[in-house]
Amino acid sequence: MIYQSPTIQVELLEDNIAKLCFNAPGSVNKFDRETLASLDAALDSIKQQSNIQALVLTSGKDTFIVGADITEFLGLFAQDDAVLLSWVEQANAVFNKLEDLPFPTASAIKGFALGGGCEAILATDFRIADTTAKIGLPETKLGIIPGFGGTVRLPRVIGADNALEWITTGKDQRPEDALKVGAVDAVVAPEALEAAAIQMLKDAVAEKLDWQARRQRKMSPLTLPKLEAMMSFTTAKGMVFAVAGKHYPAPMAAVSVVEQAATKGRSDALQIEHQAFIKLAKTDVAKALIGIFLNDQLVKGKAKKAGKLAKDVKSAAVLGAGIMGGGIAYQSASKGTPIVMKDIAQPALDLGLGEAAKLLSAQVARGRSTPEKMAKVLNNITPALDYAPVKHADVVVEAVVEHPKVKAQVLAEVEQYVSEDAIIASNTSTISINLLAKSMKKPERFCGMHFFNPVHKMPLVEVIRGEHSSEETIASVVAYASKMGKTPIVVNDCPGFFVNRVLFPYFAGFNGLLAEGGDFAAIDKVMEKQFGWPMGPAYLLDVVGLDTGHHAQAVMAEGFPDRMGKSGNDAIDVMFENKRLGQKNGKGFYAYSVDSRGKPKKDVDPTSYELLKAAFGEQKAFDADEIIARTMIPMIIETVRCLEEGIVASPAEADMGLVYGLGFPPFRGGVFRYLDTMGVANFVALADKYAHLGGLYQVTDAMRTLAANNGSYYQA
């Protein structure tokens, strides 16, 4: 053994080829500080051995290296620039040491080689991947750029255009795609990986492969004619900005870094990367996006833990077909859990099966599935007009019409047919789980399971704990949601649960602006372009449906009369009463037609303005700051109330619910990250300016205390 640490082992193989194996404690390898220090020491030990002729990097895990340890980032990025620069320079010195070894080097890549893992393989002369490999630089998704030489080496290995696509999108690349552009030199079967890498090194030692020329190319400026370079980078900037927009600076910064470094050798090019990395690491966007990544890990970790208490769900059932039932059935079946889809009407079953078939056909058309897989998934969905096939289900999801009496009746019925230990969940967006539980003989096996529409696209599932729901019930539904490929958050029962409870105060703020003459299209523009929502409030209401919005608003007003009660008609009422239901009937705030691709196309409709003018008078202009304040303050305060009341367990889960359930702008990180970035005291001062508008604008006592103590919701 040449070198051994808890994370890295180096041994000498035959033919004087050294093998460096990353094998940290835990399930994956990461480039944390300990591993970087170990790699540095391992390389020193290797350099001291005079007989070594080549080096192969391998992994003792199912995956190579998943990247840097992101849990270290927020603390590290909060340090002074000098400390951060020192860390980046030290890490790069290690990668340079690997690249500068006096003999050929190769990486044997299996599973993920992402971020720092990808940058490590770029520092070797040869790269061999197996068929399981996924290679990429996802840093821009975290609001930063590669910091261990990725922007310098990748363009010199695969060309600037290919490198910019990899870096700015942050996507994982399949081995065959990596081979096509020259990021890897061969793709082999997993069992042949190490042998193939060693053979390539033997060929290099025997001078059949010119490893020194490859290395020199990575040290040198890019070989791009000046005019071609200018055109290439100008085009890239336009394309990247069109996708990333002004709220996500990292992809544009990556283009700029590659452009500036193109004419430089390795040392100067790395300095350009370091400076850009540090600048981005200090941004609020990086803090928000890294926070989302860490929050996602926390939520998924909780779900994994719940799996230990969960009942094994081998089969499921959904009651109520149609679009929603079909979406749930598709999601369950496509992830491997057979499901019965039960309805009282054959046309509804046909619609549900049609929805599943449509989603599967789209996957086949995009090359993401095959006709054989499609047939297998459809065979996992059993349509039924009676309860007989439901009796074997481990979990039953009730998804009938959103009406308390109908749901209560269906829940009471199905309980008679299922096994004693079957779990029953209601897919409801507004109806109290405690109320529905009253229709059950065994309320401990019952909870809420709120899917968001469209089911196949929306990642969030709210699992709603009723006062009688058992821990096994909650754990089993969380585990089933995870098995379906969803991100579950557990919330306690209250009107609107968590997501709808915080959404409708936002709509109330919007209604308030319209009642004073605000222009809904202007408000949408501000909330989309400036705040960053995927849809403004008017457009979102049209997509949700004004009938659904009208009903949910009434539920919220009844549940929280002090804050959400209404004294008269608002804009939602005006649209609903004039049968303007949104996209579903072609007219809401906007008018809708179908474009050439069959998608709804939105247009301004003068009729909407006439109706609103008749109800609320002449239009009045509001500036962007006031629009943002008056819509967002109610949502933010209601989110804080949900945390204080224990409806949601943590700021992390609340923020993930907002990002995954509502499309809260990821670059802002969620309500609690947004509050911490803004400063709780600054927010309280802003809210106090609007406190005269009513209870939705009045902060809680606990918020005032936190503000007075200069506190925050996240611990840095």
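The chain as shown is numbered from 1 upward.
Placement of Cβ uses the backbone N, Cα and C atoms for every residue, glycine included.
Annotated region 'Enoyl-CoA hydratase/isomerase' per Swiss-Prot: 1-189, in sequence order. Swiss-Prot lists Glu119, Glu139 with the feature site 'Important for catalytic activity'. As annotated by Swiss-Prot, substrate binding site applies to Asp296, Asn500, Tyr660, with the evidence given as sequence analysis. Annotated region '3-hydroxyacyl-CoA dehydrogenase' per Swiss-Prot: 311-716, in sequence order, evidence recorded as sequence analysis. Per Swiss-Prot, the feature NAD(+) binding site maps to Met324, Asp343, Val400, Val401, Glu402, Lys407, Ser429, Asn453. Swiss-Prot lists His450 with the feature active site, for 3-hydroxyacyl-CoA dehydrogenase activity, giving sequence analysis as the kind of evidence.
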Taking only same-chain residues 6+ apart in sequence, whose CB is under 8 Å from that of Asp343 (NAD(+) binding site), what do you get? Leu319, Gly320, Ala321, Gly322, Gly325, Leu349, Gly352, Pro383, Ala384, Leu385
Would you please pick out, from the binding-site residues Ser429, Asn453, Asn500, the one with the fewest other Cβ atoms within 10 Å of its Cβ? Asn453
Would you kindly give the Cα-Cα distance separating Glu139 (site 'Important for catalytic activity') and Lys407 (NAD(+) binding site), rounded to the nearest Å? 46
Nearest by Cα to Tyr660 (substrate binding site), of the binding-site residues Val401, Glu402, Ser429, is Ser429
Could you say whether, by DSSP, Glu119 (site 'Important for catalytic activity') belongs to a helix, a strand or a coil region? helix
Where Glu119 (site 'Important for catalytic activity') and Asn500 (substrate binding site) are concerned, what is their Cα separation in Å, rounded? 43
Give the distance between the Cα atoms of Ser429 (NAD(+) binding site) and Asp296 (substrate binding site), rounded to the nearest whole Å. 23
What whole-number Å value do you get for the CA-CA distance of His450 (active site, for 3-hydroxyacyl-CoA dehydrogenase activity) and Asn500 (substrate binding site)? 11
Cβ-Cβ neighbours of Met324 (NAD(+) binding site) (radius 10 Å): 22
Name the one residue among Asp296, Glu402, Asn453, Asn500 whose Cα is closest in three-dimensional space to that of Glu139 (site 'Important for catalytic activity'); these are the binding-site residues. Asp296
Cβ atoms other than its own within 10 Å of the Cβ of Glu139 (site 'Important for catalytic activity'), all chains, total 29
Tell me, by DSSP, whether His450 (active site, for 3-hydroxyacyl-CoA dehydrogenase activity) is helix, strand or coil? strand
Write down the Cα-Cα distance for Met324 (NAD(+) binding site) and Asp296 (substrate binding site), rounded and given in Å. 25
Round to the nearest Å and give the CA-to-CA distance linking Asn500 (substrate binding site) with Asn453 (NAD(+) binding site). 13
Among the recorded positions Glu119, Asp296, Glu402, which residue has the largest number of other Cβ atoms within 10 Å of its own Cβ? Glu119
